[in-house]
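A quick write-up on the structure given underneath.
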């Protein structure tokens, strides 16, 4: 075996996750053979390693695979660009990370002493710092946990009962110390689950201290619901309970014992004693006192247990494994997930062992209850020592890249956190800082996910791999998001997407149902990550980020370019350049530098001729990289792997092969429809599509209005109803009505205060010293971060009073809901479709009229929504002007106020759009009535 072959085995699909090389419906009995390798490195035909399928047959190229381009002059030029640009990319960030760079003093305080001589370490990313600082303890736990299991098994002499002995002259064939293979598997399951159960309590006690009792209480309540609620109501109750837990954990902030004691003390008659004990319990909160931050993953496991249990009740009537004549020790991935466990396996002990399974408790990956029980009973054949070692090597390489290359030599995170003068950087340096910031986001998630999966593999459980491809190998927005947090994607498909009906329905009702399903899924995804209105809007709008790619595929479908593949590849590459930049900008704003940082970076690039030239060169370089990405996928097709098939497998679970063919056929028809529709753009779009677009824009604008001052995210603090801020001025007043002494006295009280407070529908933002915004829905929390000298006249309290007594957001919320229902109704309107003409014998384009009752309901809904928005905006405007005027006068020359212009524009513009839609629907109904009279219907 050559060193090159060993290296390629480390970086093959089989090492990353056998689910990528073995179909989900095939038992992994061939997992101990050499599986396909990922052709991530171009190779000549002489050097190519012979590959085989899991069944031993040679691989065959897929029908649509194109000839290799690796050895063409075109790609030789790409290789030159690649080997030239990549070192320059690293050098650009390395240069600005030197102590001799003018910006170094601005971010030096964010660097920590490093272990490489002469280099400091950039540990300023708080999320990854918590992993890096505790990595030695995690490694120790990875070693001790399997050793403790072995000691536990040795104490109970588990191997005596679970190691199958060779047959002895035909006697006891397949038996183990007198036990059948099934009984031996039961013993193995019993041992594993009992150890997981006890170790789980030890782990959460160490992590959360006395707060572990809160975790166990929530788990017990969910279990009692599963066992007590009638089956037909269990799904609804499970989702309601767990979503309520997400909200309660967020707003209860972990249910501090001190707060509970303060609330209960008056009833128990021991106020001071109770508060003291509560504070003492909070002070002993373990290594991770904020247990609620990581509880979101546990919520997914609670839902998995309840729904798997419900579906097992519906499938009673014999073992599914016996009916299908399956080998329980060699089940396929689909069978492990879908086949219910035995009735006695849905016990409280097994439930706790699964929900708090130590290797996957903190960060995942996510595994279903059925899969967990199956692997506890029979260890998956995919778990092999050599494969686990290769996976560990990949983890060490990723950790090395993060630790040495990124953190010790490239200080991208510290530079962006410090926000230095961007004019000190060249356009190349600014761009590369953004690029490596994105890579750090990818690595800081990849490392903990792979560490905890490695821990599970060492322990004998094989969960799914979360990260599919490198961040720099993602030309497709759709496939990028499918491959990001892949185990969560699979969980959503099984427990949310398929129960909601998936996307198999057709017709107008099917379209409306699909839209509603996607909205529900994205809403849950946003709420699951964080209870935040800004993130909720991000979940609703995320579909907009993939529109350019979807429209591009419809305009230039691959099947219509057969015979012109190179031209299609070039066109796709040009379009994907914009796709890459759009993804980069969105992720930089959302997860790294924010809107203000992005504006500084873009200004530094666009304001100079050098920057504009660099932008053109960068686009050419990205185009080169895209061509290499495309050819990597073509190489996978030539090897029989299929383009990104391992990425899209999770979304195919639960769907039959017939559904896949029907969906592809439907997609081809849609692509053809778009091509024809471009010749008659307006008729293809349809009148109702324009109204839907206006409603969507109105919903976005009104959602932004509601989100004002709810967080420190870009632009959000700038959307406010009123603002109050300290600034001295000479007030105009009648001496007979006001005392001049009051003005001077208040000025003396205010002194040099410069605090500003802004009020939105759901939050308040303050800037105590003008340096940055602090936002919260809790005025007390903001006041605690402000000294008395910064807010001498209690403007934060005044703002909270205005918010509680005057602001009324619920009309807007109802209006948004009604507008969305109207949007769904409009989506059911019939569009262009083909009908067979018996006279001509050909297909013709037909667009029937929509249902009049549906139009009438949509008109009523949008009219009521418009009225609600009008009333809300009028009230908002009147109340804001009145309150700001009174507050300013009470300041007596020390406080000024203002009304939020952005909020007013958003409100009135949203109302105008809804009125246009109302008029449009009214015109549609009148036109239908006139047409009926003209035709005599």
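Each residue's number is its place along the chain shown, starting with 1.
Positions of Cβ are set from backbone N, Cα and C atoms, glycine also.
Per TrEMBL, the feature region 'Disordered' maps to 31-63, 638-661. What TrEMBL lists as compositional bias 'Polar residues' is 33-44. Residues or ranges marked as compositional bias 'Basic and acidic residues' by TrEMBL: 45-54. Positions annotated as transmembrane segment by TrEMBL: 76-94, 233-251, 391-416, 428-447, 515-531, 537-556, 568-593, 613-630, 687-707, 807-832, 853-875, 905-931 (among others).
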For the transmembrane segment (853-875): best-contacting stretch of 233-251, 613-630, 687-707, 905-931, by Cβ pairs under 8 Å: 905-931
Positions on the same chain near the transmembrane segment (233-251), where near means CB under 8 A and six or more residues out: 218, 221-222, 225-226, 292, 295-296, 299, 302-303, 306-307, 309-310, 499, 524, 527-528, 530-531
Contact check, the transmembrane segment (76-94) vs the transmembrane segment (613-630), 3+ Cβ pairs under 8 Å, seq sep 6+: yes
Long-range environment of the transmembrane segment (613-630) - Cβ separation under 8 angstroms, sequence gap at least 6: 74-75, 78, 81-82, 85, 426-428, 431, 472-475, 569, 572-574, 576-577, 580-581, 605-606
